[in-house]
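Inspection log for the structure reproduced underneath, given as structure tokens.
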Amino acid sequence: MIKLIRLYNNKIQDQDNNIQSQIKLTQLVDDDNQQSASMKNLLISSFQLGFSFLFENSQGLIILIFINQYVKNLDAIAGFGLGVVYTNCLGLSLYFGLSTGFEILASHAYGAKKYQLVGLLLNKCFFIAFIMFIPICFCMIFSKYILHIWNKNEMLCEYSRQYCITQIPGIIFLATYFIFKGYLNAQNEYRSQFYISAMNYPFIFLYSYIFIGVLDLGVYGAAITFNLSRFQNLILLFIFIKRKPSLQRCQTSFSRQAFLNNWDFLKTVIPIGAIVSADWVIYEVQSGIASNLKQSQYAAHLSLSNFNTSFFCFALGYSIGSSTYVGNEMGQKKHKISQIIWNLWYVYYFWPHSNYMASFGIFKKIICFNANQLSRCQ
């Protein structure tokens, strides 16, 4: 009888061991499947956001092509370029840094399923953006006198002032667009941005041809083209957010909470956004200093600089897509998967970056738009 009991207990123990082994095997398979799905989603999402950034930021290159084609005044061409550098340096780079810091915080909150917090952070970001617009607007209005500090060409600074003042609505549109993009990135919604930017891209050719080529508005035409393109991007994105039910759960009405504890919000956002903004500002300051070159040299510099920036933005969008994706995983306490995804990002990043460098080397001469500029690009 005792032997039978022992045999029965051993049999039960063996069955328990088999069940535990099967459970562990199932968990391993589930983990592998989850990691594979995460890596696939990371790759797709990062490429979608990368191409979205490429479409959006190469619009400046398209406008520059039309300016070089239809505007014969070198001061106007250089003034347009300096105006773009100035608005990027004192306006767009700051808003981009703010939205980047916001989306990192929002991605953690979304991963932790704190949806109301995402909406509150969005409202805080809009409030801070409005406060920032006041000094930025003054900088645009008095841009001629500020630019005259390091460039003594009065006509060039006047053309820059014309562009900066006319472009003020575009700064508002783009700042709002940046924040809405951060809101979508935090929720791993990248596909819509890709489709919207791709749909809007052909219109930049149409607007440039009408306002720069046909109406011959020069620098004013370039600013109007920028404003219309950014407004169209923003409207399409806003319609998409309102029509997709899954994005409604993070929306909260604007309340007095948006005005409270903003210093704590900024203490987290500023260090994150400052890294991105500082990199952009330094790059634009170099282009601003280069405005003291001869007009032909500066035009060549602007051509290569815009091409470089446009393709660099693919890598920038790619990296932002990766960081927000990892932020969601960290918010869900999936630290192991986050580490694997982050290591894999370096492998994925090498391919587009190497293609960008190859393209820059191959098409360097084609980027410059006339023979005089071509000699400066050698």
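Using the three backbone atoms N, Cα and C, a Cβ is placed for every residue, glycine included.
If you look up TrEMBL, you'll see 49-71 (among others) marked as transmembrane segment.
According to TrEMBL, the feature transmembrane segment maps to 77-105 (among others).
TrEMBL lists 126-147 (among others) with the feature transmembrane segment.
Residues 75-76, 78-80, 82-84, 86-87, 91-92, 95-96, 98-99, 102, 122, 125-126, 129, 132-133, 136-137, 140-141, 143-144, 147, 219-220, 222-224, 226-227, 230-231, 233-234, 237-238, 241 of the same chain lie 6+ residues outside the transmembrane segment (159-180) yet bring a C-beta within less than 8 angstroms of a C-beta in it. If you look up TrEMBL, you'll see 159-180 (among others) marked as transmembrane segment.
What TrEMBL lists as transmembrane segment is 192-212 (among others).
The transmembrane segment annotation in TrEMBL covers 218-241 (among others). Residues 56, 59-60, 63, 66-67, 70-71, 73, 76, 79-80, 83, 159, 162-163, 166-167, 169-170, 173-174, 176-177, 180-181, 183-184, 192-193, 196-197, 199-200, 203-204, 207-208, 211-212, 247 of the same chain, all 6+ positions outside the transmembrane segment (218-241), place their C-beta atoms under 8 angstroms from a C-beta of that stretch.
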Beyond a gap of at least 6 residues from its ends, the CB atoms lying under 8 Å from the transmembrane segment (77-105) belong to 60, 64, 67-68, 71, 121-122, 124-125, 128-129, 132, 136, 139-140, 143, 146-147, 151, 153, 155-164, 167, 171, 174-175, 178-179, 181-183, 185-186, 218-219, 222-223, 265, 268-278, 280-281, 284-285, 287-288, 291, 295, 298-299, 302, 320, 323-324, 327
